[in-house]
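S.K.: Let me begin by handing over the structure; questions about it come next.
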Amino acid sequence: MSDTTTAANQARAGIKSADFDIVKLLLEGRAFFALIAIIITFSMLSPVYFSVNNFLIMSSHVAIFGLLALGMLLVILTGGIDLSVGSTLALAGVVAGFLMQGVSLEMFGVILYPPVWVVVILTCAVGAFVGLINGVLVAFFKVPAFVATLGLLYVARGVALLMTNGLTYNNLGGRPELGNTGFEWLGFNRLLGVPIGVVVLVAVAVLCSLLLNRSALGRWIYSTGGNERAAELSGVPVKRVKVTVYVLSGICSAIAGLVLSSQLTSAGPTAGTTYELTAIAAVVIGGAALTGGRGTVRGTLLGAFVIGFLSDGLVIIGVSSYWQTVFTGAVIVLAVLLNSIQYRGRRRAAAATSSPQTGKASE
Amino acid sequence: MTLHDMNGVREKESSVVLSARNIAKSFGNIHALKGVNFDVHRGEVTTLFGENGAGKSTLMKILSGVIQPSSGEIVLEGRPVTFHSSSEARDLGISIIHQELSLAPNMNVRDNIFMGREIMGPGGVDYAEEEKQTRALMRELEEDIDPLTLVEDLRLGQQQLVEIARALSVNARILIMDEPTSALSASEVEVLFKVVHDLKSRGVSIVYISHHLEEALQITDHAVVLRDGVMTASAPRSEINLEWIVRNMVGENFDLGSPPEGHRIGEVALSIRDLTVPDTARKGRNVVDGVSLDVRAGEIVCIYGLMGAGRTEMLECVAGRLANASGMVSLLGHDVSSLSIAERIEEGLVLVPEDRQRDGLVQTMTVGKNLSLASIGAFTRNSIISRRRERSLVERAIKNVTIKTSGGEAEIGSLSGGNQQKVVIGKMLATNPKVVLLDEPSRGIDIGAKAEVFRLLAEGARRGLAVIYSTSEVGECLSIAHRIVVMRRGRISAEFSSDVSKEEIMAASGEAVNAI
């Protein structure tokens, strides 16, 4: 913990010297140092913590939060929030489970067993649809993001429960004669020793990073969150941008749902409860501002790893799950605290030049 | 304080209740006030005149404790005082009524008047007592407002009276009124003036700020003029007239350039026909009311008007930000009325908004990303940004509008106000527009930066750009504009060529005639 505070102090000093690159480095460095501190601490406390295999197992846990957090990052960058990601994850898992059981079309008297790639596409479409509803509510009907996505949190969870009557699909393996095997590949299997879930996370992270840094949409996302009015007057299609980020967040949740149900080899309607909060925490620990406009893929990934490695470490050294909750909460509060200290410092630096206008504008 | 000054204070003690001595206030490296002396006379109205940005509001905020001066002192009843907040000033009897009313519209009159100072009885808030006192206050003001009416149901003038009642309820000895009449109807202004007279007779001293010069002359006893943070003149009512005020307000102007000549004035670039924009706050009224205007390529048109004349709304409607009720906007002969903001930018019609902090800049992005924001399409292929082409566009923009910055990677907050404004202008000019609208481009920037902005606009016009800028400073009309259009109450009230006098422009805006 002491490492993180020093990092923040250095970051603040960096702002004063107005050296942007160093500030940026230290800003993200904060989460990085926290991660190093966590790894060192737990490695000393437990002999099994520091091993490649354990890191890979922990990373496959992180993959779920990481996927949700990347979608959440896109939404938070525009100044919104998506509380429905945990429920969407569960709904996506249940939809995938449902499709794997076969869809009976009574009209034709046949049962269709879609291959796994079709299941993946349809599941992602369900996630996108949930995101679309969120986005349209927020962008076009001006429903506050918190309320709109809170509503979808309940609706998506409810639909998932309705679809299974509260039960869990356990048979996701498919059958070779039906040509729908391979679902376990998504999360359960490994590619060159790396869990597929982690590979998926890395791929999505690279795509998100390209989107944010190299595409026009990325620039639009940052400007919408930074100053929506200015973005609109500069010709940014603000509404379309908002709908897009919620759709992307829905897709990320669906992917996380697929990976999770593959990891667990079962799809339950209660999966992912309160995961939305973990995802928000990861984004915030990663240095993003909840007010929008600030945040990076790298930081968010670090945030997800901090949370994942911390909670798994606490499990490994045998701390009770009640204490885990307390620790996780403390880390989140600390991260937000450092964020606000940092942005306050930056605002103060900016205030020297920006306040005269506000002072005069009121004349 | 020297002995001589002490004597001076004692001499005036009878008539001067509050005085500011050598007050200076800086925001960063911008000096809003540069050593101002200002006296408030007991039981009289002292009016503060000055153009936008002269420092009037800053001075009033200092006198009412909202902000603290960088140097200088405030003397109340002969004793130096310092306030750290507006509530400390209020406790000493100084109340301010801001331009934007500070009432809670969802609460009733009684609760607004006692907000934060609720009278407590044994069983919680003593509503009966509060109501009784509110009725007494309303009787004093001779205004029949029920204490239980919701503030949002009152007319604006009545809301103002509620503010005054609130100030009186804390026993204000000095009442500062910042542009109290700007939103009032003629009859409401009359009521207000009667209240002001009553307050005077009860010994309340009033500081009054208004842009309606002649209106202010009706009730003032003393006039003080501020210009660029310095007090330029002060005199009792008997010694002054309108001409004296205007002369001291405007002063000898810094040369802001002259209309560019020698280039070809082309075809009509922007044509506005019968543009009408409804008022969202008041049903059945229009903020822009049947405005028609043609601007040619290479021409610079200045739109002058008072606050609330409809300049901003007209420009925002032309740019596509506000929906118009009726009328048409066409660009180079074809109708753009139904296009979105983005499509209008694509067509070559851009707006530089009035409030650059709120509408112009994305504070979380770098100078370069702000500059390139409106022209992303120009360096994006297959939705992938070419960083090299973006960099060259940013470098070109920084050079073209002469932004003083360490480079495109610098943070927006590191720039001065004038350079921030140039970023907003540069961003819009980078889209290669045919028509550029600028809403108060000179607001809140210093005189040197103003001159540079105007030089930029004149250069643009030489290259065939049609330029429309609005201003509320009459001196700026008589600079680079070929034509000056005056707006008043949503309509165009006059149109002048560049050889018009300041007085004529002000008269057409309603500033120097008996308001309303």
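Keep in mind that glycine also has a Cβ here, set from the backbone N, Cα and C atoms.
For reference, TrEMBL lists these features for the protein:
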TRANSMEM  A:31-50  transmembrane segment
TRANSMEM  A:56-77  transmembrane segment
TRANSMEM  A:89-111  transmembrane segment
TRANSMEM  A:117-140  transmembrane segment
TRANSMEM  A:152-172  transmembrane segment
TRANSMEM  A:192-212  transmembrane segment
TRANSMEM  A:243-261  transmembrane segment
TRANSMEM  A:273-292  transmembrane segment
TRANSMEM  A:299-317  transmembrane segment
TRANSMEM  A:323-341  transmembrane segment
S.K.: Would you kindly list the residues that approach the transmembrane segment (A:152-172) from elsewhere in its chain, counting only those six or more residues past its ends and only Cβ-Cβ distances under 8 Å?
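M.R.: Tertiary neighbours of the transmembrane segment (A:152-172) are 83-84, 86-88, 90-91, 93-98, 100-101, 130, 133-134, 183-184, 261-262, 265-270, 273, 276.
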S.K.: Quick one: do the transmembrane segment (A:323-341) and the transmembrane segment (A:56-77) have at least 3 Cβ pairs under 8 Å, skipping pairs fewer than 6 apart in sequence?
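M.R.: Between the transmembrane segment (A:56-77) and the transmembrane segment (A:323-341), which are separate recorded stretches, there is no contact, as judged by 3 or more close Cβ pairs.
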S.K.: Between the transmembrane segment (A:89-111) and the transmembrane segment (A:31-50), are there at least three Cβ pairs closer than 8 Å, leaving out pairs fewer than 6 positions apart?
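M.R.: Between the transmembrane segment (A:89-111) and the transmembrane segment (A:31-50), contact is absent.
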S.K.: Should anything in the same chain at least six residues away from the transmembrane segment (A:299-317) have a Cβ under 8 Å from its Cβ atoms, list it; otherwise answer none.
M.R.: 27-28, 31-32, 34-35, 38-39, 41-42, 45-46, 48-49, 54, 57-59, 61-62, 65-66, 69-70, 72-73, 201, 205, 278, 281-288, 323-324, 327-328, 331, 335
S.K.: What parts of the chain pack near the transmembrane segment (A:243-261), using Cβ distances under 8 Å and only residues at least 6 beyond its ends?
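M.R.: Tertiary neighbours of the transmembrane segment (A:243-261) are 63-64, 67-68, 70-72, 74-75, 77-78, 80, 82, 84-86, 88-93, 96-97, 120, 123-124, 126-132, 134-136, 138-140, 149, 169, 172, 186-187, 196-197, 200, 204, 217, 221, 267, 271-272.
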S.K.: Using a Cβ distance cut-off of under 8 Å, indicate which of A:31-50, A:56-77, A:117-140, A:273-292 has the most pairs with the transmembrane segment (A:192-212).
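M.R.: Comparing A:31-50, A:56-77, A:117-140, A:273-292 against the transmembrane segment (A:192-212), the winner is A:56-77.
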